[in-house]
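First comes the structure, then the notes that go with it.
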Amino acid sequence: MGSRVVAALLRRGKDQASALLMPRLPRSAPVSAPPRVGSTSSCGSGGGGCLLPPRPGPAGAFFSASRFASFHAFRSFAPKTLFGQCTRKMSTSAAALNSTVANGAANSGLKLLVTKGPQAQKAVGIWLFGCAAWVFSLVILGGITRLTRSGLSMTEWKFTGEIPPMSDDAWQLEFEKYKQSPEYKRVNKGMSLEDFKFIYWMEYAHRMWGRALGFLFAGPFAYFIAKGYVTRQLGFRLSALFALGGAQGLIGWWMVKSGLEEPTSEYVQPRVSPYRLATHLTSAFAIYCGILWTALSVVMPDPPTGSMNWVNGAAKIRKLAIPVSAVVGITAISGAFVAGNDAGHAYNSFPKMGDTWIPEDVFSMEPFVCNFFENTSTVQLNHRILATATLLSVSGLWLAARKIDMHPAVKSLIGSTFGMAALQVTLGISTLLMYVPTSLGSAHQAGALTLLSLMILLTHTLRRPSPTLLKSLATGVKST
């Protein structure tokens, strides 16, 4: 259901964005009715294109232009038939349309992030969604790397990357470096070379997948700037995301380096600092959410509306969705401390933690605040409480949406979010009870990012429409 909702919202957003790009005609200007679809004067020789009849009323020209722009934006998907011939005959009018984009956007009060018309908007949107998907896969790969205890297999880091061992001697050299690490001495002592190769390739793949993202982002970004597609606002935003992505590599090595140091106690297993792991994961989430939000803003400059009642309903839900999104984000970050402290391997029971509801040592550390980030019992208890709060808050949002009149697509999206929240809690409990297997652990992390994605999409869809779209809706209400 989620994918269908996203597709429906994006199609709706494309239609509305195209409508807002068109300059509005004066009320006094006469509007001639274009020929109907299928007429010989429309699609035959000398026809001016295949247009739908405008809506009656003073906003008729506005909605007719919206249909024309949306029709042209997706003409590449049309079959090579009479329908395709109609789209080719519209190319001259489309060129004129693109030349009025800037003026139309200025008149509408809508700040577009991409210039040069619908085709440029579509190209930039596809690129950004592709980058977001790449970051999503990178986060999941990082989770698998951690769950397989592969993150400390490479004891060196170079900003430009490194060539993997290609000979037996090279492999043996890397293995000897790993043997000097605390993890080998205390956890993997006696590991074979073949087992070392597995964890080495996992960490190497994670690093190179991140570097590949840099090329995937930088190349098209430079191209779109050269073509003049990117506005200054979008350029600054994407430059900040690119810089954060570059810093993410440094943060990753900063995290790994903490796991290569000797633990303070001989009874403690070597592992990375939970603070650095949380910083690394939070930074990855920030990059992902930033790219996803920007991609949605490019392809859907205005949210779906339909009527003033739906707009007012969305405003009411927006007041609830924003704090719920904050709860979802905090819960996801708390999961990083669970991973950093290996808290998932303690208290593998539910709903109680062992034989009690609250362990006795939840506040045993000094200073007191350290319990929330370093105490295994407290960290897992916090995550349980936050996960329950997330499910309850999303459930409340879903129940509230059922009583409010708003766009059906938004209601469907809220229903999908509620279903994902329930699934995520189920995955979390299953992961805990089965002692954190790699498959369930990575699925749980993917579920957290999916739930966060749905909340980002929901919050973006509930934005307040542009002044021109609101005025058009108000005009339509008066005309009826």
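Keep in mind that glycine also has a Cβ here, set from the backbone N, Cα and C atoms.
Source: prediction; values computed, not measured.
Per TrEMBL, the feature transmembrane segment maps to 124-144 (among others).
Below 8 angstroms of C-beta separation, residues 120, 123-124, 127, 130-131, 134-135, 137-138, 141, 161, 235, 238, 241-242, 245-246, 248-249, 252 of the same chain, each at least six residues beyond the ends of the transmembrane segment (208-226), sit close to that stretch. Per TrEMBL, transmembrane segment is recorded for 208-226 (among others).
Here TrEMBL flags 238-256 (among others) as transmembrane segment.
Marked as transmembrane segment by TrEMBL: 276-299 (among others).
As annotated by TrEMBL, transmembrane segment applies to 320-340 (among others). Among residues of the same chain six or more beyond the transmembrane segment (320-340), those with a C-beta under 8 A of the stretch's C-beta atoms are 146, 271-278, 280-282, 285, 373, 379-380, 382-383, 386-387, 389-390, 393-394, 396-397, 400, 444-445, 448-449, 451-452, 455-456, 458-459, 462.
Among the features that TrEMBL reports, transmembrane segment is placed at 381-401 (among others).
Within the chain, the transmembrane segment (413-436) has long-range Cβ neighbours (under 8 A, six or more residues past its boundaries) at 1-2, 5, 9, 147, 317, 344-345, 347-350, 387-388, 390-391, 394-395, 397-398, 401, 443-444, 447-448, 450-451, 454-455, 457-458, 461. Residues or ranges marked as transmembrane segment by TrEMBL: 413-436 (among others).
Sequence annotations record features per position, and here TrEMBL assigns transmembrane segment to 442-462 (among others).
Only sequence-distant pairs (6 or more apart) were considered; of these, at least three Cβ pairs between the transmembrane segment (238-256) and the transmembrane segment (276-299) are under 8 A, so the stretches are in contact. The largest share of C-beta pairs under 8 angstroms with the transmembrane segment (276-299) comes from 124-144, of the ranges 124-144, 381-401, 442-462. Sequence-distant contacts of the transmembrane segment (124-144) (same chain, six or more residues past either end, CB-CB distance under 8 Å): 113-114, 202, 205-206, 209-210, 212-213, 216-217, 220, 224, 229-230, 281, 284-285, 287-288, 291-292, 294-295, 298-299, 438, 441-442, 445-446, 449, 453.
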